[in-house]
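Here the structure comes first, spelled out in structure tokens, and everything after it is commentary.
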Amino acid sequence: MPETEVKATISKSTGLPRKRFYRARAHSNPLSDSHFPVPISPSQFDYSLHYPQIFPSSDQADGSRKIQFADIGCGFGGLLISLSTLFPETLMIGMELRDKVTEYVKERILSLRVANPGQYQNVSVVRTNSMKYIPNYFEKAQLTKMFFLFPDPHFKEKNHRRRVISPFLLDEYAYVLKAGGIIYTITDVEELGDWMKSCLENHPMFEALTEKELEADPVVKLLSSATEEGQKVARNGGQTFQAVFRRIVPSDKTS
């Protein structure tokens with residue numbers, strides 16, 4: 001890309017990429033074939049490409065430090081940026097299918113790293129299809145938090161199999177979440193909110209957080225305020241529907 005074109009995509013006032021140059025369709029078809037590199041297994045994921053200050057080379061010296069937060073369909077990265085400073089010692093990644101949006105988040109993180117030395121080194125983004133490749137990126141019981149914020153509602157019943165929260169996919173999420181790990185979901189579509197809540201309620205490896213736990217969790221407050229979609233809903237005076245559930249061991253429900 002010519003230097004003048006690169007400069008045009010960066011805001012002079014903030015030093016951050018301009019969103020209008022990275023616009024894309026609101027959602028993509030997760031069942032279509034896309035072509036991008038995918039690690040064969042979690043051990044093949046190169047941390048040095050995503051967290052170069054923490055892992056200077058692909059030969060990781062500290063194999064115990066792994067990604068703990070995953071934002072599925074991270075959009076323009078608002079939640080990730082907020083979480084990065086709230087949990088500065090935690091590695092986190094956004095997973096996004098749209099190429100232009102992924103590129104925007106990459107540029108946003110790089111710009112923030114330059115403007116704030118020592119910060120935002122714990123956050124990254126990867127272009128991938130999380131409905132197909134979650135086990136390629138994360139080991140069993142690796143994650144402590146997963147986020148599904150304003151996912152595509154796929155209104156038609158025949159397309160419900162494309163929804164990112166489903167009984168089948170919850171099996172995979174339960175596999176990569178450690179016991180006590182939390183799934184956060186939010187939508188402005190009531191029917192989808194009911195669907196996601198019902199899927200989680202009926203899965204034997206998840207239980208809802210109590211109202212007291214929700215109030216004490218600083219992340220819950222970010223669900224509707226940190227993302228572009230959440231801010232749009234708030235501006236329009238719309239409603240949101242949350243479902244926040246904990247990964248449990250099945251016997252916990254009867255103990």
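Any Cβ shown, glycine's included, is placed from N, Cα and C.
As annotated by TrEMBL, S-adenosyl-L-methionine binding site applies to GLY73, GLU96, LEU97, ASN129, SER130, LEU149, THR227, GLU228, GLU229.
What TrEMBL lists as active site is ASP152.
Around the Cβ of SER130 (S-adenosyl-L-methionine binding site), the number of neighbouring Cβ atoms within 10 Å comes to 25. Counting Cβ atoms from all protein chains shown, GLY73 (S-adenosyl-L-methionine binding site) has 22 others lying within 10 Å of its own Cβ.
Counting Cβ atoms from all protein chains shown, LEU97 (S-adenosyl-L-methionine binding site) has 22 others lying within 10 Å of its own Cβ. Cα-Cα distance from GLU229 (S-adenosyl-L-methionine binding site) to ASP152 (active site): 12 Å (rounded to the nearest whole number). Within 10 Å of the C-beta of THR227 (S-adenosyl-L-methionine binding site) we count 24 further C-beta atoms, all protein chains included.
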